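A.B. asks: Pulled from TrEMBL, these are the listed features:
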DOMAIN    13-115  domain 'Pyrroline-5-carboxylate reductase catalytic N-terminal'
BINDING   ILE16, GLY17, GLY18, GLY19, ASN20, MET21  NADP(+) binding site
BINDING   ASN66  NADPH binding site
DOMAIN    182-286  domain 'Pyrroline-5-carboxylate reductase dimerisation'
Amino acid sequence: MSSSAALQKCKAVGFIGGGNMAYAIASGLLSKGVLQPDQITVSATRLENLQARWAPLGVTRTTIDNAEVILQSDVVFICVKPQMFDHVLKDLAKLKQTFKTDESNQKLYVSIMAGVTLGRLEQGLAMFQPCLIARAMPNTPMQVGVGCTVYCRTGSDHPVPPLYRDMHTMFAALGVVHEVEESKMNAATGLAGCGPAYVYEFIEALADGGVKQGIPRDMALQLAAQTVMGAAKTVLDTGKHPAVLKDEVCSPGGATIHGVHALEQGSMRGTVMNAVESATKRAAELS
Ligand SMILES: NC(=O)C1=CN([C@@H]2O[C@H](COP(=O)(O)OP(=O)(O)OC[C@H]3O[C@@H](n4cnc5c(N)ncnc54)[C@H](O)[C@@H]3O)[C@@H](O)[C@H]2O)C=CC1
Ligand SMILES: O=C(O)[C@@H]1CCC=N1
């Protein structure tokens, strides 16, 4: 049975802003079989770029008209930069006179814009009420099915409306997903939303270190990426604390502890914590 059967109410999904993160979500959902290409409508500012990127996925409903995305979709992911949200709303204002909805056919709007609060979303999307609104923070590894998403939503209806459950199903198909209080969203952004960039930097640096010691570039990159993936999988699969696993690698007087000492001298852990803190603060500013 295709996993798309698990979607209860959502027949069509739209992406306003068909850039990197929209592509990561859509390509992940398509490769998992949760969605089919003809269920997707996507918009951006330049049609040619949009078509060039999305046609290879089989997605042909591409447009520069954001209103079309709304009209075609049950679930609308808002995937523009936070600074572009006002432009999108101005664009959608033309729907004000004609858009009609009621409790029975309301849509779900899922913003993935860093920092933009549920309050701001409710205010901006007032013309589409009654509607469901969620604020989510996914990350790009969703494109390979190993992502993280945290989200919060408006209302606390029981049972949970089917479109929220469909959203949860979509995110869960692409990795781990947690519903959280809105107060945790910026921190989750600083950790998991931005985190892949920190890890890519680490992988690049690990590979550079190997190249400096004479390992060919391709092999160094493969060894670095596989080492990070293997270490991450070991943490997740064994449930052991990373410090315990680190101790298992460090032979007394051996090579690893010399490397660990060099990392400590470079304040590696403090630097990573500072990165999460800086990104969290910046996410809050973006609201
Ligand atoms: N890139 C990432 O790792 C993550 C990004 N996000 C959030 O996702 C959102 C998008 O980020 P990216 O995909 O990285 O950016 P991006 O720059 O790759 O994509 C943005 C897209 O929006 C389109 N766009 C700009 N103005 C528009 C308008 N008025 N109407 C319709 N489309 C418009 C652009 O043409 C572009 O395709 C941001 O709000 C960001 O905070 C969230 C989680 C992770
Ligand atoms: O850099 C940003 O603002 C976005 C949010 C999380 C990842 N990219």
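Residue numbering: from 1, along the chain as shown.
Note that Cβ sites are derived from N, Cα and C of the backbone, with glycine treated the same way.
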A.B. asks: Return the single residue from the binding-site residues list (ILE16, MET21) that has the minimum number of other CB atoms within 10 Å.
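C.D. replies: Each of the binding-site residues ILE16, MET21 was scored by Cβ atoms within 10 Å; lowest is MET21.
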A.B. asks: Show, in sequence order, which residues other than ILE16, GLY17, GLY18, GLY19, ASN20, MET21 on the same chain lie with their Cβ within 8 Å of the centre of the Cβ atoms of the NADP(+) site.
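C.D. replies: Nearby residues not in the site list: PHE15, ALA22, TYR23, VAL42, ALA44, CYS79, VAL80.
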A.B. asks: Pop the Cα-Cα gap between ASN66 (NADPH binding site) and GLY17 (NADP(+) binding site) into the table, whole Å please.
C.D. replies: 9
A.B. asks: For ILE16 (NADP(+) binding site), just give me the three-state DSSP call.
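C.D. replies: In three-state terms, ILE16 (NADP(+) binding site) counts as strand.
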A.B. asks: Express the distance between the Cα positions of ASN20 (NADP(+) binding site) and the residue listed as 'NADPH binding site' as a whole number of Å.
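C.D. replies: Computed Cα spacing between ASN20 (NADP(+) binding site) and the residue listed as 'NADPH binding site' is 17 Å.
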A.B. asks: Relative to the Cα of the residue listed as 'NADPH binding site', which of the binding-site residues ILE16, GLY18, GLY19, MET21 has the closest Cα?
C.D. replies: ILE16
A.B. asks: For the domain 'Pyrroline-5-carboxylate reductase dimerisation' (182-286), give the DSSP counts of helix residues, strand residues and coil residues.
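C.D. replies: Across the domain 'Pyrroline-5-carboxylate reductase dimerisation' (182-286), the residues distribute as 90 helix, 0 strand, 15 coil.
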